[in-house]
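K.L.:
Below: one structure in structure tokens.
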Amino acid sequence: LVFSQSITLRYYHFSILIQFITMNALAATNRNFQRAARILGLDSKLEKSLLIPFREIKVECTIPKDDGTLVSYVGFRIQHDNARGPMKGGIRYHPEVEPDEVNALAQLMTWKTAVADIPYGGAKGGIGCNPRDLSISELERLTRVFTQKIHDLIGVQRDVPAPDMGTNAQTMAWILDEYSKFHGHSPAVVTGKPIDLGGSLGREAATGLGVIFATEAWLADNGKSISDHTFVIQGFGNVGTWAAKSIFDRGGKVVAVSDITGAIKNPNGIDIPALLKHKESNGNLTEFQGADVMDADEVLTHECDILIPCALGGVISKENAADVRAKLVVEAANHPTDPEAHEILSKRGVTIIPDIYANAGGVTVSYFEWVQNIQGFMWDEEKVNRELKRYMSRAFLDIKAMCKIHECDLRMGAFSLAVNRVARATLLRGWEA
């Protein structure tokens with residue numbers, strides 16, 4: 001009973017933490033949007049229009065469980081903006097999925113796709129469930145029922161879902177199959193699919209590789225390269241591992257990494273290929289023989305040139321920002337830096353490559369997948385990566401130009417670039433007509 005109460009209490013505290021991060025993310029996104037709107041001198045009515053979601057969908061999903069009992073879940077899809085093209089965004093399965101969180105993430109997708117200059121608007125969706133409590137067959141039934149409820153509101157030229165927290169390529173395969181029952185074979189209705197069903201080569205590495213292309217763009221602009229620098233990576237999941245591998249391949253030194261199992265360091269640089277083999281076979285970073293164990297709380301403040309947070313939001317706060325020793329922070333996670341921490345870092349001369357640009361590689365390659373599906377012509381991985389680098393490099397130059405025009409930092413340069421593009425598209429379409 002004591003153990004059960006302890007688990008319940010820990011889960012309650014985790015839920016409060018997630019809600020706190022969500023509120024911070026929503027507040028920070030709105031704050032950054034409003035600052036960008038002021039910089040651009042947007043009309044107040046247009047500003048308000050850009051914040052209001054295009055459509056909010058809430059559906060009940062009732063399924064039979066494997067034991068024959070019925071259970072109901074609530075599904076959401078927030079479609080934020082379609083001025084620049086079909087809406088785009090992930091579907092997450094998580095107990096804490098609720099409208100405010102989904103709304104904030106949908107809005108962020110609108111700005112992210114605009115920064116990358118891909119012809120999408122923003123959307124996000126989810127089902128309030130714990131996927132770990134459901135069998136594979138229950139997850140499939142739930143996904144198919146959700147698709148049945150929203151199939152006429154998504155589509156190749158309307159809204160294109162993708163995987164997110166708690167979902168994966170298999171989830172997208174079920175959505176594709178169920179949607180196709182109503183609309184005919186439509187591989188472009190979702191991205192992040194299995195390769196066998198029209199998924200794109202290079203999609204798995206896209207976000208992590210995009211982070212490195214963003215870093216290279218900034219370094220090249222300052223006459224530097226990855227091989228000249230030391231890196232710390234907080235979060236060693238999909239994004240962190242691909243980023244670390246790319247850094248190692250380019251001659252950079254990853255001196256510390258962390259994940260949920262712990263943290264390790266090696267001032268001479270960690271052998272990333274060896275660490276990846278160890279992680280695949282063992283799973284626990286702290287048992288890797290090629291580095292020393294360190295306190296996971298000290299990873300963000302460990303000595304390095306470039307810090308790449310790849311895990312949760314809100315990890316760099318006003319409490320630890322003054323202790324961050326990196327001169328460049330590359331936001332691979334969504335909203336890893338609180339607004340107060342951003343101000344502290346900026347005053348200390350630390351440059352921040354914002355999440356709205358730095359982690360846009362994933363949605364960019366999702367766009368490539370959509371294009372390939374529509375054309376019925378698939379690309380090789382070399383072309384995918386070459387195009388990704390071109391898009392990330394071009395986006396950096398566009399952000400830099402906005403920074404110069406408005407005399408602002410990279411975050412405001414990215415937000416003003418995004419808001420300006422969406423506002424222009426909205427006005428050209430005749431939003432008051």
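The backbone N, Cα and C atoms fix where each Cβ goes, glycine too.
Note: TrEMBL annotation is automatic and uncurated.
According to TrEMBL, the protein carries these features:
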ACT_SITE  Lys124  active site, proton donor
BINDING   Lys88, Lys112, Ser366  substrate binding site
BINDING   Thr207, Asn238  NAD(+) binding site
SITE      Asp164  site 'Important for catalysis'
K.L.:
If you measure from the C-alpha of Lys88 (substrate binding site), which of the recorded positions Lys124, Asp164, Thr207, Asn238 fall inside 10 Å?
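P.N.:
So the list is Lys124.
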K.L.:
Show which residues of the chain containing Asn238 (NAD(+) binding site), separated from it by at least 6 in sequence, have their CB under 8 Å from its CB.
P.N.:
Glu204, Thr207, Gly208
K.L.:
To which of the binding-site residues Thr207, Ser366 does the lowest count of other Cβ atoms within 10 Å belong?
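P.N.:
Comparing Cβ neighbours within 10 Å for the binding-site residues Thr207, Ser366, Thr207 has the fewest.
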K.L.:
Quick one: which residues besides Lys88, Lys112, Ser366 have a Cβ within 8 Å of the substrate site's Cβ centroid, in sequence order?
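P.N.:
Along the chain, the qualifying residues are Gly89, Met109, Thr113, Ala116, Ile118, Tyr120, Gly122, Ala162, Ala360, Gly362, Val363, Thr364, Tyr367.
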K.L.:
Name the residues of the same chain, 6+ apart in sequence, whose Cβ is under 8 Å from the Cβ of Asp164 (site 'Important for catalysis')?
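P.N.:
Once residues fewer than 6 apart are set aside, Asp164 (site 'Important for catalysis') is near Gly89, Gly90, Ile91, Arg92, Lys124, Gly126.
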K.L.:
Please report the number of other Cβ atoms within 10 Å of the Cβ of the residue listed as 'active site, proton donor'.
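P.N.:
Counting Cβ neighbours of the residue listed as 'active site, proton donor' within 10 Å gives 30.
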K.L.:
What whole-number distance in angstrom separates the two most remote CA atoms of the substrate-binding residues Lys88, Lys112, Ser366?
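P.N.:
Among the residues the record ties to substrate, max Cα distance equals 13 Å.
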